[in-house]
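Colleague: Summarising the annotation, TrEMBL assigns ATP binding site to 464. The feature domain 'Fibronectin type-III' is assigned by TrEMBL to 137-242, 248-346. Residues annotated as domain 'Protein kinase' in TrEMBL: 432-689. As annotated by TrEMBL, transmembrane segment applies to 357-378.
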Ligand code: AMP
């Protein structure tokens, strides 16, 4: 029995693993005899190991457990030291493990593997985890001035090297540094939201900043092993609130008037810092222009001072004035309220000064003549601007006047509902039925549906809805797209059928485009469409854009995702939201100057200083050409926005898509000329599609 009891196989298979049994005491007549054991070398047990031997010679009911020491593993019925390169950190019967990543190879019998140079374990890291390195510095730190005064957002990208850790946090320090580089901490007044340290997100909002000061922000990356590193992974940015929205014009005063002139001055919501010079954009129109349904003509003056004398006006006539402040970079504030002033009538001025009766009449006649001449000149100018310059440079550089927009910005109206009434047809909601959700816009779902028209019968339409819980501002922003769209009429611009505003849920109803957005349409048909069809699409988009630029409308977000395709493969430019000014575009990226810009589609000058013109739309059109010829490929592939901007500044341009006719690619390159005046105009492009023999032969 004793021989059987010490069979090694038995020892291996009972929990007394690693124990040696002692001699059987007693006379063998008992049902089971308790036998004490002891652990093999390099094994220990908390209680004395025991087992019972039955009269049948079987070992039963083992008690106690022997376990191999740290650095030793179970091999058969003994505990063997871990091999070099392996370790076992604790008591137990598990096997030695290979040393984790970033550790030095261990010696025989190791209980842990030391970290390689430059790698560490935080006190809370188990010995079984890989050693990790401290993080590198946060990248691409930028600041964005928020519209609220005194606030900016700092944002950055995570470090390139996380050191293999997931417990990264960031801290931000604010300092004021002088030219010699010596710095002092910023005032305690400055607040960080959510906090200056322990940040898990890659942004923080800094509030209560002073617009006169330059701040130096240092963002540091931290992880559980940062304390072992002597290098501080920091990224620094010196910035100021220079890009704050310029102050607003609060009040326009009439300083002096005559039958033909008005002298005005205006007050600002706050005094701009001394080092910042603002300019002013003054717009005015005759009040009685309001009645004309189609177009209201504004005269625009760009002024250096906050006062002006406007001459050559009609006697006894009311004029409406608005002023907005332009920051040094050309960023506008919102317009002031519209103020009404009228020139004195000739009779009035007669009463005021009898001695000027004759002069007044003469001046009146002269003024009338001047007005006639001015109107003729302006008309002529407008006609010629459609041919050449027009929208590319909407302003004269000094205090000269020029009609600005043929399309009317709905923001010009104090009450946006007036713009809607003016440009948009109201549809009875009973004539509209929604059928199926086909997309999601910024303000709510987009449906396919049917509109019952007394004239056209049942017309398929797209219905944009405003999701419940909207604010009045959101409702107005939503409807502003309709007030813009309602002013356009072109086969390559999405057509507005009308709006529903009198119903609880506002809706915008447009023509239905069966094939949806151009980018996804092309991606789904990669390589399937012949070149002539792709070029046909581009010709359509170019025609739509020419129409918009002729209307002095700058789109700012032209991209294949904002072009819709109907069942005849006709392409129509869409997405005219004003609120958009790119805020809703998923591609929009905040820039250091505030506001969101779809970097990959935007011309360098529009990114750098928000110079959005038809010439920047031409750049975007070049990108759309590339998207179309590359079947919806993402421009610049997976390059980051930062890399794209850098590459563009270093004169890199997208290569020709596969099978792209060379003339088309040459036109793309023209659209991407750094100097905007060297880019072709949409007007010039219209001849390209008809004259270019390579395009003709497709
Ligand atoms: P939007 O709010 O204009 O960006 O529209 C969101 C999505 O709805 C688009 O990407 C399209 O897929 C779809 N959509 C919008 N308008 C129309 C339309 N007129 N016809 C067909 N689909 C549309």
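Here the Cβ of each residue, glycine as well, is placed from N, Cα and C on the backbone.
A description of the local structural setting of each listed feature is requested, covering burial, neighbours and distances.
Modeller: DSSP assigns residue 464 (ATP binding site) to a strand segment in the three-state reduction. For residue 464 (ATP binding site), the same-chain residues 6+ apart in sequence whose C-beta sits under 8 angstroms from its C-beta are 441, 443, 444, 446, 478, 481, 507, 508, 509, 510.
Each residue of the domain 'Fibronectin type-III' (137-242) gets a DSSP state, and the totals for helix, strand and coil are 5 helix, 50 strand, 51 coil.
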Colleague: Looking only at the domain 'Fibronectin type-III' (248-346), what are its DSSP counts of helix, strand and coil residues?
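Modeller: The counts are 6 helix, 47 strand, 46 coil.
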Colleague: Quick one: mean pLDDT on the domain 'Protein kinase' (432-689)?
Modeller: 90
